[in-house]
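Everything on this sheet refers to the single structure shown next.
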Amino acid sequence: VCYIQDTISCNNSTIVFLLGGALSTLHPECEYIFQLERDEQHCLEYIAEHTNKSNNGCVSMWDAVVCWPNAVTGETVYRACPDVFSLFKNTTGLVARNCTSGGWSKPFPPYHIACRVEDDLLETELSYFATLKIIYTIGYSVSLVVLAVAVLILMLFRKLHCARNYIHIQLFITYILKAVSVFIKDATLFSSDDTNHCTLSTFACKASVIFCHYCVMANFFWLLVEALYLNSLLLSSLYHMHCCMWGFSLLGWGVPFIFISLWIGSRMYFEDTECWDINEKSQFWWIIKGPIVVSIAVNFMLFMNIIRILIQKLNPRLIQFNNSSQYRRLTKSTLLLIPLFGTHYMFFNFLPDYFGVSLRFCIELCLGSFQGLLVAILYCFLNQEVQKEMHMQWLRWHERSYGVVSPVAKCSQMDTPF
């Protein structure tokens, strides 16, 4: 029993890191602890059913690891190692007990031999999951800092204030909140190796899980807003876009709040178990996952529509000289958006949660943690308007400091595609 507990505990400190960025997953070590509890319950039910039956040999028993059935004296019973060991290897060994006149013999071979787990395997898993945690921690940290700088730039420079940059700012904020929520969740659930997060159920841990889910959901919906805005630019007049800002804000922040509130009520009244972070078999999880899957599908269709429209508008026979530069710049911006907005989500979100777990963790935790950094670089620091405005501010500062008026500062004008 101690061997099994030590083995789970050793792997516990590695696998739990995965919850930091995963949207919906069951702690692997919790699943096997719960499996042992279910096995114990089934065994106790079996023992209760066979208690009154006469037996001249050994009675059934639960030894905290395996359920041993009734046996006659002289019989040897073989049982497979618990399913918990399939977490570490594909095959498990067999354990046997002899039924003697004095009762059950000790298990042979002992559990720590029959159900042995190689130390190299544990060290490999430890290294793998520890590396994942380091990568996504670095990714979210760097993204958080860069995104915060990008938000400040877009907010401080008055000439950069426009509907497009307003939407960019909201998207940047969702990436910032997502990174913060991951750190808060890790600190709350996995602050100590001694914390039994399988049964942890406190207000702080539930609040951190709720905040994390809301930030992730808001991020997906602001990605959808970006796609809707781009379609609107291509299909309608720009002068009517300001009236849509309130609608976009309600879609990006309000809709996730509604679904999160429904999920909170459902968990509170019907499934108030653990820390609300185990959703694998929960029917209420679709209150959150369903809208996200729909937003991803709609987002993907909108981007396909953007490509279709741009191909038509960039037809050399139809394009006009006055707006050719505008559409080419818009095409460049849109094509840069497509790899970031939903391509890998389209692949994973329509597959079962257990499909490609290792690959999913690598993409969602490692690459996903740097997604905010890429968005900030592409849509702020590499943006020509931002670069020109920062250059202008530097020239003005140079003029005030040294009294030199640059010819570039006099003649420069903002060049915006919208």
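These residue numbers are counts, starting from 1, taken along the chain as shown.
Any Cβ shown, glycine's included, is placed from N, Cα and C.
Per TrEMBL, domain 'G-protein coupled receptors family 2 profile 1' is recorded for 42-119.
The domain 'G-protein coupled receptors family 2 profile 2' annotation in TrEMBL covers 132-383. Per-residue pLDDT, averaged along the domain 'G-protein coupled receptors family 2 profile 2' (132-383), amounts to 81 for this model.
According to TrEMBL, the transmembrane segment annotation covers 134-157 (among others).
Taken from TrEMBL, the feature transmembrane segment applies to 169-187 (among others). Under 8 Å from some Cβ of the transmembrane segment (169-187) lie the Cβ atoms of residues 17, 19-21, 136, 140-141, 143-144, 147-148, 150-151, 154-155, 208-209, 211-212, 214-216, 218-219, 222-223, 225-226, 249, 252-253, 369, 371-372, 375-376, 380, all in the same chain and six or more residues away from its ends.
Sequence-distant contacts of the transmembrane segment (207-231), counting only residues of its own chain at least 6 positions beyond either end whose CB sits under 8 Å from a CB of the stretch, comprise 23, 163-164, 167-168, 170-171, 174-175, 177-178, 180-182, 184-185, 187-189, 241, 244, 248, 251-253, 255-257, 259-260, 263-264, 275-277, 288, 291-292, 295-296, 298-299, 302-303, 305-306, 309, 334, 337, 341-342, 345. What TrEMBL records for 207-231 (among others) is transmembrane segment.
As annotated by TrEMBL, transmembrane segment applies to 243-264 (among others). Under 8 Å from some Cβ of the transmembrane segment (243-264) lie the Cβ atoms of residues 163, 166-167, 170, 174, 210, 213-214, 217-218, 221-222, 224-225, 228-229, 232, 284-285, 287-288, 291, all in the same chain and six or more residues away from its ends.
Residues or ranges marked as transmembrane segment in TrEMBL: 284-311 (among others).
The transmembrane segment feature in TrEMBL is assigned to 332-351 (among others).
Annotation source TrEMBL lists transmembrane segment at 357-382 (among others).
Sequence-distant contacts of the transmembrane segment (134-157) (same chain, at least 6 residues past either end, Cβ-Cβ under 8 Å): 20-21, 165, 168-169, 172-173, 175-176, 178-180, 182-183, 365-366, 368-373, 375-377, 379-381, 386, 389-390, 393.
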